[in-house]
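Novice: Annotation comment: TrEMBL describes Asn105, His110, Glu115 as oxalate binding site. TrEMBL lists His108, His110, Glu115, His156 with the feature Mn(2+) binding site. Per TrEMBL, disulfide bond is recorded for Cys31-Cys46. According to TrEMBL, the domain 'Cupin type-1' annotation covers 60-210. Among the features that TrEMBL reports, signal peptide is placed at 1-21.
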Amino acid sequence: MATQVALFVIVALGFCCLAFAFEPKPLQDFCVADPTSSARVNGLVCKNPMLVQANDFSFSGLHLPGNTTNPVGSRVTPVTVTQLPGLNTLGISMVRIDYAPWGINPPHTHPRATEVLTVLEGSLQVGFVTSNPDNHHITKVLQKGDVFVFPVGLIHYQRNVGYGNAVAIAALSSQNPGVITIANAVFGSKPDIGSDTLAKAFQVDKSIVDQLQTKF
């Protein structure tokens, strides 16, 4: 009997802790982000509801093409909680991606979000790679109106395979999805990852790593 009571208490405490650790549904109509607050929480503090305005729920400019004059030939225009405070706690955001001819959105991950991408103009080769040990490359060429999903946390990319500009729009399942561009993170970290470590990891000569690190 004592053992059963002890197990009941442990289970009850477990459910109690789970209930306080995570609330999957909103507890209020909205929680507009207050970036001026010094409070540190997992996310952004709510703005006083009496001070909320329509502009907190609005963003303008997504119809404007991004400048793709850069080494990779693409530009991402984000609409996350940073640009649109009303997204705070709602678990959603979006981006516009412009691609020059043969431009790429280089391999990257979103540590906190799944991404659903829709091609508005042009043709894009897209793909993602599954986790170890398979590292299976799943890829497809998309045309205007096609939709593709990149599962949360997996390395993925897009490449314009047409001779004209391409445009896509994507929704992400977090107000702050985060982005880790693989090349920037590996070769451009501050302080540097040791070139000996990277040379061994990529199985190349150290001089190649040194050259790559100068580009990031």
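Cβ coordinates come from backbone N, Cα and C, glycine included.
Note: TrEMBL annotation is automatic and uncurated.
How buried are these features, and what lies next to them?
Specialist: Listed in sequence order, Val149, Phe150, His156, Ala170, Ala171, Leu172, Ser173, Pro177 are the same-chain residues six or more apart from Glu115 (oxalate binding site) with CB atoms under 8 A from its CB.
Listed in sequence order, the residues of the same chain lying 6 or more apart from Cys46 (disulfide bond) and placing their CB within less than 8 Å of its CB are Gln28, Cys31, Val32, Ala33, Asp34, Asn88, Thr89.
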Novice: List, in sequence order, the residues of the same chain other than His108, His110, Glu115, His156 whose Cβ lies within 8 Å of the centroid of the Cβ atoms of the recorded Mn(2+) site.
Specialist: Thr109, Ala113, Phe128, Phe150, Leu154, Ile155, Pro177, Val179
Novice: Give the mean pLDDT for the domain 'Cupin type-1' (60-210) on the 0 to 100 scale.
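Specialist: Its mean pLDDT is 97.
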